[in-house]
Amino acid sequence: MVIAEERYSRMALNGESHILEGYGGLSLSIEGPSKADIDCQDTPDGNCLVSYKPTEPGTYIINIKFADEHVPGSPFAVKIRGEPSDKLVEKIMRQAQAVDVTHVGSQCELSLKIPGSSPVDMNASVTSPSGVTELCEIIDLDDCHYSIKFIPKEMGVHTVSVKHKDMHIPGSPFQFTVGPITEGGSHKVHAAGPGLEKGEVNEKCEFNIYTREAGAGGLSIAIEGPSKAEIDFADRKDGSCGVSYECTEPGEYMVSIKFNDEHIPDSPFKVYMSASSGEAKTVTVASLEQAGLVIGKPSTFSVNLNEAKVGRLEARVTAPSGAEDNAFIQEIDEGHYAVRFIPRENGRHYIHVLYNGNHIPGSPFVVMVGKLDADPGMVQAYGQGLVKGETNKVAKFIVNTMNAGAGALSVTIDGPSKVDLQCKEVEEGYEFSYTPTSPGGYLIAIKFAGNYHIVGSPFKANITGNLADIGQIMCNMMIKTTIKFPLFHFFL
């Protein structure tokens, strides 16, 4: 059974967002043999026009609720006719166990598989609740598998930053609670790795799932696409697990990860599986500066085709904000090209180099622009607005970007009603305020320097009180932060 859902006043299906203007507490979900793309539009007469597109025949159940109560006639059963698609689904289910409680002075461990990494380029650190940062011990196990260890000196939530070549790996920074874990749930599960971004047919695609902070529960992984995926699952028994899968046909695949039947943050993941890269495997890059680049100053590197025949060479650059630009390519000799781009933002950039539509080895390459890296591991969020609140009353929280560098900060609030999200700059960072109009759970996602959740994100705020008649506007905000340092006071 596949469920497509519009809830929290925002719909995130296939990368699109939809707003239900004036419908506080309205939710719509469609359950059936396939995921159905949903589109909601307001009409001039005050109604809401909903359209959906199923891809498989069968019976679909349409649930329409207001204030978590079914509207008259809901749920509706609809029979869809037609020929089945050629998409295949493979699904596995596993039980995630609660980890043992850690204490001050005990050894804490996190296991990760980081494909394409080198032990000499790995480093990890842990920051305690009081802000003290210390290096972690890194043990190279085998085949890009590492054990990250540290001994805590404080109780509470710690931040574990794991970097390769001084850049956060996918999923980092990690939350690690020393002492009892009081809050769990699907929003505390995170998944990351190259296998959730791109892949190649008949090659192993890998990613990590971090369930430690979520507690015990059922974990399910479903992969849908042109071919049946062979899925392998390894429970590392420390609150993390490794997943690998292989596909035999190119095309677009959807990787859905659920915990206790609820999607984890950013699920489902869209993965494009390319055909065998063939000659792209022989193409190499030279003279690529990976650090110290300057905003507005052109950067150039070379691409050599080597044994590959003349084909289609492409290059594009993705900035921390998600903006994407094509790079300028010029042939300087037979089989030898110069690639030039001009960075427009501070922070981590990804350079995609493709040959005949396939990524070359190492692509996308990561480069750092600016002297100060925008570090999500240094960002903290706190305040009652991240925990609880009341309807029709302003809830507030602080995002502390002190010493985190300058980067793109995004905040999204998903809940039973739309909220008017406001922001103002304060000494330690930024203060956000919002006014919920319906009771229930609100998920607050905070990302920094691109698509990196800060530690604790998404947060879950429990809102109590009465239901308002009308919601407000969609709550989604992105700002570019400025560099902030602590103020030092001198006494004479």
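Cβ atoms are placed via backbone N, Cα and C, with glycine included.
Here the structure is a predicted model, which means the values were calculated and not measured.
Annotated features in TrEMBL:
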REPEAT    22-80  repeat 'Filamin'
REPEAT    90-178  repeat 'Filamin'
REPEAT    181-273  repeat 'Filamin'
REPEAT    273-369  repeat 'Filamin'
REPEAT    371-463  repeat 'Filamin'
Note to self: Across the repeat 'Filamin' (371-463), what are the DSSP residue counts per state (helix, strand, coil)?
What the structure shows: 6 helix, 46 strand, 41 coil
Notebook entry, point to check: How do the residues of the repeat 'Filamin' (90-178) split into helix, strand and coil according to DSSP?
Noted result: 3 helix, 50 strand, 36 coil
Next item on the list: Mind tallying the repeat 'Filamin' (22-80) by DSSP state, helix then strand then coil?
Entry: 0 helix, 35 strand, 24 coil
Margin query: Can you give me the average pLDDT across the repeat 'Filamin' (273-369), rounded to a whole number?
Written below: 88
Item checked: Residues in the repeat 'Filamin' (273-369) grouped by DSSP into helix, strand and remaining coil -> 5 helix, 49 strand, 43 coil
